[in-house]
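The following features are taken from TrEMBL:
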TRANSMEM  20-37  transmembrane segment
TRANSMEM  49-71  transmembrane segment
TRANSMEM  83-101  transmembrane segment
TRANSMEM  121-142  transmembrane segment
TRANSMEM  154-177  transmembrane segment
Amino acid sequence: MNTVLQSLRELFIDKTIKNVKYNLFLFTFGSIGGWVIETIFRSLYSGYLVIPGFLNGPWCPIYGLGITLAIHLCEGKNVADSFIRLFAGATILEWVTSVFFERFTHHLLWDYSIMPLSTGSRINIIFSILWGLMGLFLLYVIEPQLKKFFECYPAFLTISECLVVFFFIDCIIKFLLVFA
């Protein structure tokens, strides 16, 4: 009987905990990595240092959420299906995030209106294609390496868990400042 209970625990509880930890790891990696890449891109584009996002810490949660969702949406799919899912998913995520922030904070996080192939300030087809292509790179090149890293260096799980705590503290502080 103990063996059966142990097997059930390993199958359900341990696997669930491992999946939650991996998702936190992906979210942290995506949020911080996206922040770094966007900081570099926008700073080079504008010619001066641009710090993206609305939070104080070095993270943009839209990238962390996007990466985590992308990996789950495209798991086991072929390249063409994955690209369509990434293109559509990133476009929807960008639109929903933009509407949410403009409505609740009266702040526009990005503005595509001066770019060609834009639908107002929220969506740009060129960027949607780029999100799809970068998502494929993430799925087929980066994520397999992240999975190996995750397995080899469990200490980084603790680091990502701590960073998520700081992220939520940052969110609470920003929420209190915006809605106070």
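Numbers here mean position along the shown chain, with the first residue as 1.
Keep in mind that glycine also has a Cβ here, set from the backbone N, Cα and C atoms.
TrEMBL labels come from automatic prediction, so no person has curated them.
Note on the transmembrane segment (20-37): residues 52-53, 58-68, 71, 146-147, 150, 156-157, 160-161, 163-164, 167 of its chain, located 6 or more positions outside it, place their CB under 8 angstroms from a CB of the stretch. Outside the transmembrane segment (154-177), and at least 6 residues removed from its termini, the chain residues within Cβ reach (under 8 Å) are 21, 24-25, 27-29, 31-32, 54-57, 59, 61. Under 8 Å from some Cβ of the transmembrane segment (121-142) lie the Cβ atoms of residues 66-67, 70-71, 74, 79, 82-84, 86-87, 90-91, 94-95, 98-99, 108, 110-113, 115, all in the same chain and six or more residues away from its ends.
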